[in-house]
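Undergrad: Annotations for this protein, taken from TrEMBL, read as follows:
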DOMAIN    23-106  domain 'DEP'
DOMAIN    148-206  domain 'DEP'
REGION    219-267  region 'Disordered'
DOMAIN    319-396  domain 'PDZ'
Amino acid sequence: MERTSSIRRKALVRQHKAEVMIAGEQLRLRLHDGKLIKDRRYHLRTYPNCFVAQELIDWLVSHKEAPDRETAVCLMQHLMDHDIVHHVCDKRPVFKDAKLLYRFRKDDGTFPFNTAVKVFMRGQQLYEHLIGDKDSILQFREEHGVAYQRSFPGCQLIDWLLQNGEAESRRRGIELCRALQEHGIIQHVAKKHDFFDSGLLYQFCINFRRRRRLSELLNESERDTDEGVTVSSPEENHPDSPFVPRSAFQSVESSKDMKQVPTGRRGSLNSLQLHTDGFPPLVQLSSSSVVRCNPKSVLQRIITCEELLAPGAPFIKKVLTVIGDALGWGFVVRGMAPCYVQAVDPGSPAAAAGVKVRQFLYQVNGQCVLYLDYRTVTRLVMTGSRTVVLEVMEPLE
């Protein structure tokens, strides 16, 4: 029992490290998109792919990633302590709010690829593969009368690893899964067992695709939390739907006693999101405020494909080009056929491109999707490029 508790404590520490890595990478991509990271010249020397500390603190505060400059400095120091960023000359172990140059280690090849990082990357790779599987083993299951979202029996994961060439033998598969558990990537749904090649249920306890708010990192470092048992996160709002990077809706146990609340800022809607009516989602308004809701369909009535295609139907076709950013596209799709837009994140690429609620999806990247369900449409978007060309049918005002 003492050994299990020790392993669990170590897993929590490593899980926090993984959260820092994900948050750091998301920040790095956003800063590249915002042109804050670029080649800079100082004292007749050019430093590639770096940023000015003072400018970054300005950006963090203006983008509401930190309430003030002091907190922003603490956040960046946290990233420095975890080897995510460093001073360009490695002369300063402390992050200062000054005109000093820092750089992400991933941008100069100095990121430490130790065992923990390699296990983390392997876990992320397996997670993405499992999420994208047509017949994913990540399903809504029960153990001892308790339902768990996106869970899987240990033996089925081993079978999957063998079938997909991810493990040479069952012994190797068990070793991999135990390493994933030890590093806080997967866990027993009730946190009671180590990994076994059996019918016991396990889950991924890291949501690799959720948009991280940097302020979460400081909170997580100060608390011992039980979060992660229910893996569907803001980006994973359906037990069977493949995730698409970013989110605010999460599948939870079916309940009709949930109230609808308005969505919050862009940080809570981090990708193309999908869900069904059977599993009400969870909306995260901010990093510190989580409320449940059961959003109703935005459609006043069911529209069939035949109605959309009927001569003189009150719909107009539009072609929209959505260029995803580091967090994804930023809209929610619902429906079995036809699919329609349920929600759009106001600050997302989708909103900027003209995607609106109640639009029906007619084509995705030139392929007709009118008769496809949301799962298939999601896979089309996920397996394509960051730029998605949508042809929609919008109701006439």
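From the backbone N, Cα and C atoms, a Cβ is placed for every residue, glycine too.
I'd like these features described in context: how deep, what's nearby, how far apart.
TA: The DSSP breakdown of the domain 'DEP' (148-206), given as helix, strand and coil counts, is 23 helix, 13 strand, 23 coil.
The helix, strand and coil residue counts that DSSP assigns across the domain 'PDZ' (319-396) are 14 helix, 32 strand, 32 coil.
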Undergrad: If you average the pLDDT over the domain 'DEP' (148-206), what number do you get?
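TA: PLDDT averaged over the stretch: 92.
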